[in-house]
Amino acid sequence: MQTLTIIRPDDMHLHLRDGDALKAVAPYTARQMGRAVIMPNLKPPVVSVADALAYKARIMAALPEGSAFEPLMTLYLTDNATPELVREAKAAGIVAFKLYPAGATTNSDSGVTDLFKLIPVLEEMAKQGILFLVHGEVTDPEIDIFDREAAFIGRVMKPVLAQVPNLKVVFEHITTAEAARLVLEAGDNVAATVTPQHLLLNRNDLLVGGVRPHHFCLPVLKRETHRQALVAAVTGEKAHKFFLGTDSAPHAKSAKENACGCAGMFSAMTAIELYAEVFEKAGALDKLEAFASKNGARFYGIPENTDTITLVKQSQTVPASVPYGDGELVPMRAGGEIGWTVQY
């Protein structure tokens, strides 16, 4: 039977929620990943160092006994951020600030209205070596939802990089050929995370034969040519600029199967297996370890994990749902098969 042993991966973009939801989902990530970069879009958002440290304590309390998993904490960038906050964050071990353009995604109402007013804050991030994580979509209602990432590149990303050229930027959960091209052409201070869904699915998987609410995420799934461009990027000559970030975003089944359903796909349960499928299909299984376990750590300036995990070429059936607080949670590929299984 085919096996693949890799350095334990890290999830560089993860939503863990809070309360009972946190307790339900944290063990899935802790089982596979050594570390994860934790998104700060709680209600209310994680905007201060005190907020982040308190949230980290709640995450640690939700982990299985004996778990070595380490959450890497971030702050939610708001219009009120200051250079002093950046210095405080650095001193407290916060790894990054996250940009949510106001209204772009789940719990983004506190997001930034004009990023260019925060240039002194971004300059301090560059000085302190704190990363700038970007949800790269414009929120202009006149821009089609399928074009919002591409529009963001010209309107925001390129001008910001021109003004703060040494800022370390992660273009999060990229979905388009344009975003991949920006990262490929930018300096080594610019990298990107890519989700399993944007490597495996296209917008037909969302809309053909009926609306598939469990395939609805933001940024929304794009056409097949974009999916192919992402696969080419993560397996190509400059693959070191791309790394694993699931954007696993749990929502109760009732909130997804809804007249106004929430955006987000829960993939943490079988994340590395889904990525293995991508790299296998691309004939690039030898590049999975760098994507999952090396590139992100290098970009964040942290050591690689010292232990390993082993994947076996053995099919598994994903559960139709799993418990989630008072409700249930539908994982990515619920009821379907994945060709790889982690040996636990």
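The backbone N, Cα and C atoms fix where each Cβ goes, and this holds for glycine too.
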Residue from His226, His251 that Swiss-Prot also lists as binding substrate with His15, Leu16, Arg17, Asn41, His135, Leu218, Ala263: His251
Residue from Asp247, Asp286, Asp307 that Swiss-Prot also lists as binding Zn(2+) 1 with His13, His15, Lys98: Asp247
Those binding-site residues, out of His13, His15, Lys98, Asp247, that come within 10 angstroms of Asn41 (substrate binding site) at the Cα: His15, Lys98
Candidates His13, His15, Lys98, His173 (binding-site residues) - the one closest to His251 (substrate binding site) by CA: His15
Closest of Lys98, His173, Asp247 to Leu16 (substrate binding site), Cα positions, binding-site residues only: Asp247
Cα-to-Cα gap, His15 (Zn(2+) 1 binding site) vs Ala263 (substrate binding site), nearest whole Å: 12
